[in-house]
Each structure stands twice: as structure tokens, then as C-alpha cells.
Amino acid sequence: MAFRLSSAVLLAALVAAPAYAAPTTTTKVDIAAFDPDKDGTIDLKEALAAGSAAFDKLDPDKDGTLDAKELKGRVSEADLKKLDPDNDGTLDKKEYLAAVEAQFKAANPDNDGTIDARELASPAGSALVNLIR
């Protein structure tokens, strides 16, 4: 129950404020970078795989968490607090991937399970790119 509530709060926070950081310029190249099956769209599985790889890249001390310094440019300190259900000041991989999933859903307003170039160019899509690049 607590996980569902925290997931609902997380999703609400993400949908209410779709951009964590300054939007990036998004092009078809961005899709190709996260689209290993080359179908021209990003599905949730691909977004989570890219998010997992991004998390690993962002965690140079390999402590399994990302703090505000490691998240700089991807998640503001204010948004870190919203995304941190255990309030320890860091995001572990599970918390980070929950943010990726929620942002994927925010960037997919037609709920077709994939993000195309138009959706990726939206503010919510740009915020997703910030998390998975």
C-alpha cells in the first residue's frame, strides 16, 4: 500500500512538473540512441534499459545511489526530494527507474506504449531524455 501511494505521489509530481532540468534539443538521433530495435519509437523496456545504463554511468563511486551532485542537470534538488520516498537524500536504482517509468508515461499522452519523435520533442519527452541519456 505504501509503495502504491508513493508511486501515485511520484507520478503526480512528475506529470505536474514534466521538466526536471533545462529542456534539451530533441531530434530523431535521440530516438536512435535509445531504440535498439530501430523501429523509430522508444518503448518502456527500452527507456528502462537506457535509464539503468544512465544510472550506472552517473554512479562513479558505485555506492548504488545518486545524490544531488551526481544528478546535477538531470534532476533538481527540489525534484530529488519529490522522487525520494525514503527521504535519504539519494535515489537508488529502483527509485531512479520509477522516475524513468513515470516520466515515460508523462511523455506518452496517447498511452500507446511507445514514444515517437513528436512525443520525445515535448517538454515531458525532453525530461525523459534527461533521465536516460
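Cβ atoms here come from the backbone N, Cα and C positions, even for glycine.
DSSP assigns Thr41 (Nd(3+) 1 binding site) to coil in the three-state reduction, outside any helix or strand. Less than 8 angstroms from the CB of Thr41 (Nd(3+) 1 binding site) sit Ile31, Asp35, Thr114, Ile115, Asp116, each of them six or more residues away in the same chain. Taken from Swiss-Prot, the feature Nd(3+) 1 binding site covers Asp35, Asp37, Asp39, Thr41, Glu46.
Within 10 Å of the C-beta atom of Thr90 (Nd(3+) 3 binding site) sit 19 other C-beta atoms, taking all shown protein chains into account. Positions annotated as Nd(3+) 3 binding site by Swiss-Prot: Asp84, Asp86, Asp88, Thr90, Glu95.
Mapped onto three states, the DSSP output places Asn108 (Nd(3+) 4 binding site) in coil. Look at Swiss-Prot and you will find Asn108, Asp110, Asp112, Thr114, Glu119 tagged as Nd(3+) 4 binding site.
Annotation source Swiss-Prot lists domain 'EF-hand 2' at 59-70. Regional average pLDDT for the domain 'EF-hand 2' (59-70) in the model is 96.
Here Swiss-Prot flags 84-95 as domain 'EF-hand 3', drawing on a curator's inference. Per-class residue totals from DSSP over the domain 'EF-hand 3' (84-95), listed helix then strand then coil: 3 helix, 2 strand, 7 coil.
Look at Swiss-Prot and you will find 108-119 tagged as domain 'EF-hand 4', backed by a curator's inference.
The signal peptide annotation in Swiss-Prot covers 1-21.
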For the domain 'EF-hand 2' (59-70), what are the DSSP-based totals of helix, strand and coil residues?
0 helix, 2 strand, 10 coil
Mind giving me a neighbour count for Glu119 (Nd(3+) 4 binding site)? Other Cβ atoms within 10 Å of its Cβ, every protein chain shown.
22
Specify all same-chain residues, apart from the site residues Asp84, Asp86, Asp88, Thr90, Glu95, whose Cβ lies within 8 angstroms of the center of the Cβ atoms of the Nd(3+) 3 site, ordered by sequence.
Thr65, Leu83, Pro85, Asn87, Gly89, Leu91, Asp92
From the centroid of the CB atoms of Asp35, Asp37, Asp39, Thr41, Glu46, the recorded Nd(3+) 1 site, which same-chain residues not already listed sit within 8 A by their CB, in sequence order?
Ile31, Phe34, Pro36, Lys38, Gly40, Ile42, Asp43, Thr114
